[in-house]
Amino acid sequence: MLTLTLSVVSLLLTACHARTGHGLVGYGIEMYQPLCASTCRTVLSPCTLDCSTEMEMDMSHHDMSSMDPMFETAPECYATDDIFLQSMAYCISTKCADVPDWKIEKYWKENIAGSEDVQPDPKWTYSQALENIKEKPTETVMSGDTLNKTMLISEDDWLPNWNAQGAFEHQEGLHAKYSIVILVTCFVIPIALSTLRFIPFPGWLVTCINAWIIDPPLWGKKYREPLARGLGLVPTRGQFLFLTYILLINIVLSAVRFESHQPNAWYPDDVRSEIMILLANRVGVISFANIPLLILYSSRNNILLWVTDWSHSTFLLLHRWVAGVATVQAVIHSIIYLINRVEMGTHSEESKLPYWIWGVVATLAMSILLPTSVLYIRQKMYELFLAWHAALSILTIVGCYYHILFRFKHQWGYETWIWTAMAVWGFDRVMRMLRMARNGLRTAVVTKIDEDYVRVDVVGVAATGHAYLYFPSLTWRVWENHPFSVASTTSPQTGGPQSRPLKDNGSGPSEKTGVEVSSGPASSGGSTRNPAKLGLTFFLRRQGGLTQQLCSRTTLPVLVESSYGAHAETAELPHLVCIVGGIGITAVMPYLRAHPGSCKLYWGVRSEGIVHAIDDELLSTIDKEVFVGGRMNIREVLTDEIAFAGRGGVTIVVSGPSSMADETRFVVSEIGRCKKANIRLIDEAFSW
């Protein structure tokens, strides 16, 4: 058992001084090539040479009375020992007959002395060592014995090491190949699917596909409303199709093409351990490959957001699922190695080594991240969630990097995945800072509308979609930021009346009082307009936390990170219908202003203040029906509007409470399945 322990420690010490590789195994990095030459060295290098030195080791916990001393051989010794060089040359000449001489000479110069970054060149070239063999060797040396003359190697040593090294390198190449396949396909498939929108399919066919395959929830009627008291959300059928691909490709490529090669020097007569370690390595590498992918999916500056028509909410959903897959893979990797080392009897020594400790740190950080990122926690403790999510994510990256650094240094390229993850994360952070720097430090003017809503104006900044606002003077957590939809990119200076009476909409007895404000373009009389100023307008609902703190201030410094989330194009269909609830109006206002065809707004609110604040300045010319304190009949509204649009088609934009959005999605899908219509649904949701 002590000999096995010393072998493991020796392997770790060798790895920590290994030569730096560039790329991945099979893609720029070769582990044991030429395999025949590498096997010769693997068999001969443990032999004791004349220049080997006795190892100094702490044997206080072992009974050494019956054990031979252990020897170690320095690179200088390998490079200058005549017997070792001649035995190596003869072995290579007999085992590598089909390998070109130039490749052997290259291997000889780089690897005879060892595999360190800085080491001496051998005193002879391969051809010189071969020429210095005076007599053909006849005696055989066993690996680990004393090498005091030019000798043959035993076939019993050769074949197991050939199998072990060859099979291992082949598997490591597969690990890298499959990891690349997962990363590339999960990047390319969203782009490929998004290009389908440029193919001029018939509108009714697109509507039918969306209604059956893309838009509806996987089951039931809930998509944005949480399930099981906030544990999660049901994906749409379209999202589920891609999630299924992600799960299947990870499961399949983690489980295929494992082969046992016996006799095996690393796992003699132990097929189970051989296959299990290969599996552990496979899921470990693929878990690493998933890390840059999950960071990409979560990024605000995700290149896929720029080249596809997929929403940020969809990519955040993918981020959570890929993170779950990577975590499960990391746990499997750790459990298999734990069991293996316990069975080998080396766990007590190996678990104290830095590489093992950092691997445990990374696995634990990922395992804690998973349950503490459920929807309920994200919604109830958003600021705290952001803090620990960032801290544990950084700890995961650091743990993964040092796990590789202390085990292999930079020899086999495993750290390439971590560098890629850091690059993706760094790109996102740099882009965030550039977006903020472009706008500079501004002043936010806060206006209380009523007990439910506040208005925030930031002069001198232009943006579209939504922006992230930082209020550094509002809290000591200066890094905190929140996304808000941009209601307007100009601040019109309007005089005249700021409110007007609303008329009863005549809702039925089963509904609360409904109120309609204008059903057509408003008159331009009654107000005086001054030149507009460049600036951003945001409307916020008071919900405690940040918005509650804002209400206590009238002006405060603000950093604006923008712009994000360009609005979808609606010009392809002539009619636009917006179903809006409460503060969701801010997300649809750009659609209403930009659409070249007919528009109709249906807006349900709890109080009149937000209606006057927005309508007087920003929606005065929009055809709309506003319901104050009431609930619109979404099915009736959509049925009428789709019938009105006829064959021309209609785009339906929904922005509001989860129940409203889910009902709209359900009704649109139901109508799309039943009628040969041209309908497009846009859900302006923003989720974490």
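Cβ atoms here come from the backbone N, Cα and C positions, even for glycine.
Heads up, TrEMBL stuff is auto-annotated, nobody curated it.
Model, not experiment: these values are computed from the prediction.
Listed features, source TrEMBL:
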SIGNAL    1-18  signal peptide
TRANSMEM  178-199  transmembrane segment
TRANSMEM  240-258  transmembrane segment
TRANSMEM  278-297  transmembrane segment
DOMAIN    284-400  domain 'Ferric oxidoreductase'
TRANSMEM  318-339  transmembrane segment
TRANSMEM  355-377  transmembrane segment
TRANSMEM  384-404  transmembrane segment
COMPBIAS  487-497  compositional bias 'Polar residues'
REGION    487-529  region 'Disordered'
COMPBIAS  520-529  compositional bias 'Polar residues'
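Against the transmembrane segment (240-258), the recorded stretches 178-199, 278-297, 355-377, 384-404 differ in Cβ pairs under 8 Å, and the greatest number is found for 178-199. With a cut-off of 8 Å between Cβ atoms, the residues of this chain six or more beyond the transmembrane segment (178-199) that come close are 24, 27, 242, 245-246, 249-250, 253-254, 282, 285-286, 288-290, 292-293, 296, 304, 307-310, 322, 417. Long-range neighbours of the transmembrane segment (278-297) within the same chain, counting only residues 6 or more positions beyond its ends whose Cβ lies under 8 Å from a Cβ of the stretch, are 168, 171-172, 174-176, 178-180, 182-183, 186-187, 250, 253-255, 258, 303-304, 315-316, 318-319, 322-323, 325-327, 329-330, 332-333, 336-337, 340, 396-397, 400, 414, 417-418, 420-421, 423-425, 428. Long-range contacts of the transmembrane segment (384-404) within the same chain: residues 288, 291, 354-355, 358-359, 361-363, 365-366, 368-369, 372-373, 377-378, 414-415, 418, 421-422, 425, 477, 480, each at least 6 residues beyond the stretch ends and with a Cβ under 8 Å from a Cβ of the stretch. With DSSP classes pooled into helix, strand and coil, the tally for the domain 'Ferric oxidoreductase' (284-400) is 101 helix, 0 strand, 16 coil.
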